[in-house]
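Novice: Straight out of TrEMBL:
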TRANSMEM  60-79  transmembrane segment
TRANSMEM  84-104  transmembrane segment
TRANSMEM  110-132  transmembrane segment
TRANSMEM  144-163  transmembrane segment
TRANSMEM  169-192  transmembrane segment
TRANSMEM  251-273  transmembrane segment
TRANSMEM  293-312  transmembrane segment
TRANSMEM  319-341  transmembrane segment
TRANSMEM  347-370  transmembrane segment
TRANSMEM  382-404  transmembrane segment
TRANSMEM  410-431  transmembrane segment
Amino acid sequence: MRVFCHYVPCRAGWVGPTVLLCIYGFCSMMRPIEPFLTEFLTGTYKNLTTEQVTRQVYPVWTYSSLVLLIPVLLVTDFLRYKPVIILQGLTYVTAFLLVLFGSGVHSAQLAFFCYSIATAADVAYFSYIYSIVPPSYYQRVTSYVRGAILLGYAVGALLAQLLLSLGRVSLYCLGFITLISVSVALITSFFLPMPKTSLFLKGTYSAQQENSDEDTHSSESQDFFIWVKSVTAAKHVGTMFRGLILDCKKCYSSVAVLFFCIWAATGRCGFYQVTGYVQLLWVYMQPNNFTAYNGGVDAISTLTGAAASVAVGHMSLEWSVWGELVLGGFTFLIAGAIFLMDLTDNIWINYTCFSLFKTIYLQLATICTFQIAKMLNRRRYALVFGINSFVGTVLQSVLTAIVINTHNPLISFQFLIYASYFAAISLLFTVRGVYTVLHMKCPAGGNHTPKDMRIFIITVIIYYSSNRIKSICRHCTFMYINIFNQSKSGYLSVCRQQDSTN
């Protein structure tokens, strides 16, 4: 095992660790079965019903991620990332083995529990490279490792679409390709070099360890040796938690960082909710004998999102001034795209709206990522990423509980909730963005706009935005009351026919 830990010397250069991590990221994300996973579970392969998948299988991933995220975050830094990356590869392999060879609801739930462990370990993948690469290469390697996972997902989705549309292969074949890909990722993870220090606890534990070693050599009894070790470990744990609390205060004391973190957490929640349930919406909307193009849509939206992310990195914009307003405006486009997905009955319009949604989200997530990284010490990036992921998972659990406990039988009703969710985020960031622009561009004094005028403009924006959202919600409420009454009357008529036949 020592050979694996020093396969690439940490100080010999940044190329070796970066290449290995990119290979791991590409293979772990190249999962051709995922764009058609709902069809695989609800079709003749597993014979699960749509209600079982919606209410019993998919929520396991959300709730398990909520429970596992904080422990994985703490253990990740303590174990110095590599063991957690190996665990991630192992749980990916286990999850897809259960998907392929398991049967029934409980097997699917166990598979999604393993999948939640893997997704919770994402913090190790994104934090590992900062502990192994010199700071001068941070920006470059970040683009490489993010590009690797986006490219892997796009290649997997495109390969799935080509094999299904042209090769007429079965979904089982896509599952086996996925299993092979994540197995290659697991093998690659063993060859990653082991970091010598962590990002949070750099130097704290080593100094205490040296002191404890000196005390150990001078002690004469084994009991005293154990006591010294336990006291040192307790001091180390206390120092770690105190350091984490102080780091949290420093990270979120900046209002600008706080708002970008809010969007990162809330946007992550909405993104995973939409992408997690959109396949059920497509199955519901697809006409008979229709060839699904889920993989092609996923591939195109991922590639366009990656291109938009790269384009954002080259834009010369004063992001500290205009960033929040950009987030608010483009989040409104996301809300509109999801709302149109809810209203339309055309599968092609739905595909187009989803591509627009995913492209915009990846672009805005990139803005939040580099703004947070720019304002923080690199040592605290993993901590902020983990906390943002945890907050997003908490919100995702709340949304999931709301969705699965609604009595409306239509899957499209969920997307009305998601559209309203993004509309609320858009309103918050639009108001905050207008305030930031007026505050930064129109300072107090001189002939510039006074503070009272800024408050008046923000009040007007809130008033008109709230009225517009109220009208949309009122229209949607009446529409869904009519739909629900129609579905209820149809259900009652079927029941009466069954009673009459009995």
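Count begins at 1; order follows the chain as displayed.
Every residue gets a Cβ built from N, Cα and C, even glycine.
Please situate the listed features within the shown structure.
Specialist: Same-chain neighbours of the transmembrane segment (84-104): 24, 28, 31, 33, 37, 40, 46, 72, 75-76, 110-112, 114-115, 117-118, 121-122, 124-125, 128, 172, 175-176, 178-179, 182-183, 185-186, 188-190, 192, counting only residues six or more beyond its ends whose CB sits under 8 Å from a CB of the stretch.
Within its own chain, the transmembrane segment (144-163) is flanked in space by residues 18, 21-23, 25-36, 125-126, 129, 169, 173-174, 177-178, 181, 293-299, 302-303, 305-306, 309, 362, which lie at least six positions past its ends and keep a Cβ under 8 Å from the stretch.
Proximity of distant same-chain residues to the transmembrane segment (293-312), defined by a Cβ-Cβ separation under 8 Å and at least 6 residues beyond the stretch ends, is recorded for 32, 34-36, 39, 143, 146-147, 150-151, 153-155, 157-162, 164-165, 279, 282, 351, 354-355, 357-363, 365-367.
Nonlocal intrachain contacts for the transmembrane segment (319-341), taken as residues 6+ away from its ends with a CB within less than 8 angstroms of a stretch CB, comprise 256, 259-260, 263, 267, 270, 274, 278, 281, 349-350, 353-354, 356-357, 360-361, 363-364, 367-368, 371, 412, 415-416, 418-420, 422-423, 425-434, 436-437, 440-441, 472.
Here the transmembrane segment (347-370) has long-range neighbours at 150, 260-261, 263-264, 267-268, 271, 274-275, 278, 281-282, 285-287, 290, 293, 297-298, 300-302, 304-306, 308-309, 311-313, 319, 323, 326-327, 330-331, 333-334, 337-338, 340-341, meaning same-chain residues at least 6 beyond its ends whose C-beta is under 8 angstroms from one of its own.
Sequence-distant neighbours of the transmembrane segment (382-404) (same chain, 6+ residues past either end, Cβ-Cβ under 8 Å): 54-55, 58-59, 62-63, 65-66, 69-70, 73, 76-77, 122-123, 126-127, 130, 199-200, 244, 247-248, 251, 257, 261, 264-270, 272-273, 277, 372, 376, 414, 417-418, 421.
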